[in-house]
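Engineer: Sending over a structure as C-alpha cells; questions will come in a sec.
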Amino acid sequence: MKPLEYCNGVLKLLDQTLLPGEQKIVELKNYIEVADAIKNMIVRGAPAIGVTAAYGVAIASKAINTDSKEEFFAELAKVCDIIKSTRPTAVNLFWAVDRVYSRAVSNRDKTIEEIKKLIEEEAYLMEKEDIESNRSIGRFGNELIKENWTILTHCNAGALATCDYGTALGVIRAAHESGKNIQVFADETRPYLQGARLTAWELMQDNIPVTLICDNMAGHFMKEGLIDCVIVGADRIALNGDTANKIGTYSLAVLAKENNIPFYVAAPTTTIDFSIETGEQIPIEERSPAEITHIKGIRIAPEGVKVRNPAFDVTPNKYISAIITEKGIIYPPYDENIKKYR
C-alpha cells in the first residue's frame, strides 16, 4: 500500500486518483512529471507530498549537466521554485524542498556529483524519518483511545497520505493492533472523495471495521451518541495551534465541541509552521470547479453555474483538544506549548 517508491532515479507513485477501482503505478523520470503528479493529486497528503517533492529535486539534480557550480545551483533553485509552486497550503512541501536544497548548499565545497548523491540521500532519509514518525504518532495517539470507541475521521491521513502507516489512521491502526475493539466512521469528503475512495479502502485492507457516511451526516451521528472522538490529519499548523486541513474539517470541529466530543489532530512536527502566528496567515488553495461540477467526467451541475472550491479550511485552536505528534501530545495553551516542540 506504499504510495511511493524511489529507485535509481525513478520515482514510482501509486495513482491515487484511480483508487479504489484501479491500482496503477506511474513512473516519474523528471521533475516536471513529479510537479504535475503533486498538482494533479496523483500523490496527496502533506507528508507524502513533501517526500515526493524531495525526490523530485533529486531526480532534477541528476539531469543537470554542467561543470559549473554556479550554473548547477542556479538551475537547482529554479527546480525548487517550480516544485514549491504546485500546492500552496501543505507546509511539508516547502519544508522538504528547502531541506534538500540546504543540504546541497551546505556541501558546496564538494564535487557536483557528490552533491547530487547527498540530495538523493537526504530525500531517502526523509522517507525513513516519516515512517518512523508515523509509528510514533500512532503510539502516542493510542494512549488517548479507549476500548469500544467509535472514531470519526475525515479525508485520508493514512498510509496513502504518508510514506507508510499514516498519521490519523496511524493512531487508529495502533489502537487496532493493540487489541482494542474500535470501529471507524469515515466521511466521504467531498468533492474529491478521499474518505470514500481512500480511507474506507485502506481500513478494509487492514480489516478495521469502517462505516462510510456522507459529510453532512456527521452531526446527526454525534448527536445520537455514536461518535466517541474525531481524529484528523493536518496540512499546516500555526504556532497558536490553528490547523489547516481538508475542507470540512472546521465544520467537524465545531460539531464535536457542541457535542462534547474530543477533537484530535495527528501530524508530525514538520507540519507545524513555526514562521506563522495564526491560521489567518495560511494560504488556502482553490482548485478547479470541475471537481465539484463533475464526477468521473460526468457533469452533475448546470452548465455555467458559479463554483467555489477551496481545498482546505482552518480550524481555530479553541476547537482542538490535543495535537498528536511524533514527539508527544501537545495540549492547550498551544501558543505556549507548541514552541517547545521546535
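All positions are counted from 1 along the displayed chain.
Placed from the backbone N, Cα and C atoms, the Cβ positions cover glycine too.
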Engineer: Check Swiss-Prot for me: it has Arg44, Gly45, Ala46, Arg87, Asn245, Lys246 binding substrate, so pick out which one of Gln194, Gln205 it puts in that same site.
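Structural biologist: Checking Gln194, Gln205 against Swiss-Prot: the substrate site match is Gln194.
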Engineer: For Cys155 (site 'Transition state stabilizer'), list the number of other Cβ atoms lying within 10 Å of its Cβ atom.
Structural biologist: 28
Engineer: Work out how many Å separate Gln194 (substrate binding site) and Cys155 (site 'Transition state stabilizer') at their Cα atoms, rounded off.
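Structural biologist: Distance (Cα to Cα, whole Å): 5 Å.
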Engineer: Which ones, of the recorded positions Arg44, Ala46, Arg87, Asp235, Asn245, Lys246, have a Cα no more than 10 Å from the Cα of Cys155 (site 'Transition state stabilizer')?
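Structural biologist: Within 10 Å of Cys155 (site 'Transition state stabilizer'): Asn245, Lys246.
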Engineer: Which whole-number value in Å describes the distance between the Cα atoms of Lys246 (substrate binding site) and Asp235 (active site, proton donor)?
Structural biologist: 8
Engineer: Excluding Arg44, Gly45, Ala46, Arg87, Gln194, Asn245, Lys246 themselves, which residues in that chain have a Cβ inside 8 Å of the centre of the Cβ atoms defining the substrate site?
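Structural biologist: Near the substrate site, beyond Arg44, Gly45, Ala46, Arg87, Gln194, Asn245, Lys246, sit Ile49, Ala90, Cys155, Asn156, Ala157, Ala161, Gly233, Asp235, Ala311, Phe312.
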